[in-house]
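**Student:** Quick one: the structure is below, and I'll ask about it shortly.
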Amino acid sequence: PRLRVVRCMAASEAAQLKSAREDIKEILKTTYCHPILVRLGWHDSGTYDKNIEEWPQRGGADGSLRFDPELSHGANAGLTSALKLIQPIKDKYPGITYADLFQLASATAIEEAGGPKLPMKYGRVDITAPEQCPPEGRLPDAGPRLPAEHLREVFYRMGLDDKEIVALSGAHTLGRSRPDRSGWGKPETKYTKDGPGEPGGQSWTAEWLKFDNSYFKDIKEQRDQELLVLPTDAALFDDPSFKVYAEKYAEDQEAFFKDYAEAHAKLSNLGAKFDPPEGFSLDDDKGAVATEEKVVADPAPASDTNSTGPQPEPFVSAKYSYKKRELSDTMKQKIRAEYEGLGGSPNKPMKSNYFLNIMIVIAGLAFLTSLTGN
């Protein structure tokens with residue numbers, strides 16, 4: 001059989017993801033949708049259960065949030081707006097998956113709001129049917145009876161620890177809570193009544209489109225009644241283990257950015273199945289390889305009814321190159337002329353008694369090539 005090279009596409013194409021990232025940046029400039037895009041990525045990956053090995057039953061970043069059964073979960077109220085924003089991008093770039101697009105949008109929103117550069121990777125595979133969506137109840141609740149215990153129950157199930165819980169909570173520096181969606185917050189405050197974007201809701205910070213460590217500072221001081229503090233927010237300073245990190249982040253924004261970047265990237269990978277398995281980066285030329293080459297064997301062509309012998313291998317001059325240097329076109333022609341002069345051809349195997357002679361000729365020509373440097 002003949003060998004041929006087949007190019008196998010990854011789950012997403014790196015070039016299209018890069019272009020989609022630029023389109024997302026443009027949307028952010030005009031719609032100020034940073035918070036809801038962050039939430040979109042988080043809620044798609046946050047259903048992961050580390051105790052379930054099978055994909056996609058384990059949940060996680062698999063694009064399942066685009067289906068109605070999951071989109072209708074109580075914790076996902078309002079995310080229809082996020083899907084409407086990015087669906088035109090998905091339509092424009094069919095060579096990317098929803099799972100990658102959700103995480104790309106989330107990461108881009110963080111970075112464009114002034115947050116840290118996130119060490120993201122891509123290549124996530126999408127689920128294909130609504131029946132594959134995870135059950136409701138895996139996402140955190142804003143007002144549980146025991147906030148610290150609830151946070152640990154939810155995030156430990158994902159495989160995250162106390163430091164990562166606190167760092168990820170810091171993303172509440174962006175956005176507002178709307179009572180018509182989550183049941184929490186005021187209809188509007190002095191910080192939200194005029195927008196930008198759609199007015200209303202209650203924000204955790206005064207500059208709710210700027211990613212910094214204000215969330216931790218404002219919760220610690222609790223001097224502005226216009227700012228929102230949920231039970232799960234207050235728990236970060238009430239719980240002794242959480243408080244160590246919350247205090248640190250309130251004082252040191254650089255430390256917060258470092259820990260947040262690592263935690264966000266980890267969250268975005270939870271439960272995902274990658275193709276290629278190691279994923280790829282958009283910012284590393286070595287990693288952003290969206291295709292791979294495989295050598296496969298073609299079936300042997302149908303033989304003539306009068307021929308039962310093996311089919312000849314096509315003449316490939318590169319096989320007779322000296323070391324790793326390709327022979328010149330002139331030398332290729334000489335070798336082929338010798339080959340055909342002794343009875344061989346691309347379509348007919350050479351007689352076995354000529355084999356030694358042709359190999360001697362090839363070796364001699366290769367030696368002369370090395371001496372002349374041609």
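The backbone N, Cα and C atoms fix where each Cβ goes, glycine too.
No curator has checked TrEMBL annotations; they are predicted automatically.
Remember, predicted model here, so these are calculated numbers, not experimental data.
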**Student:** Checking feature assignment: region 'Disordered' per TrEMBL, candidates 56-75, 296-315. Which range matches?
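**Tutor:** So the range that TrEMBL calls region 'Disordered' is 296-315.
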**Student:** Treating G and I as helix alongside H, and B as strand alongside E, what does DSSP give for the compositional bias 'Basic and acidic residues' (177-196) in helix, strand and coil?
**Tutor:** 0 helix, 1 strand, 19 coil
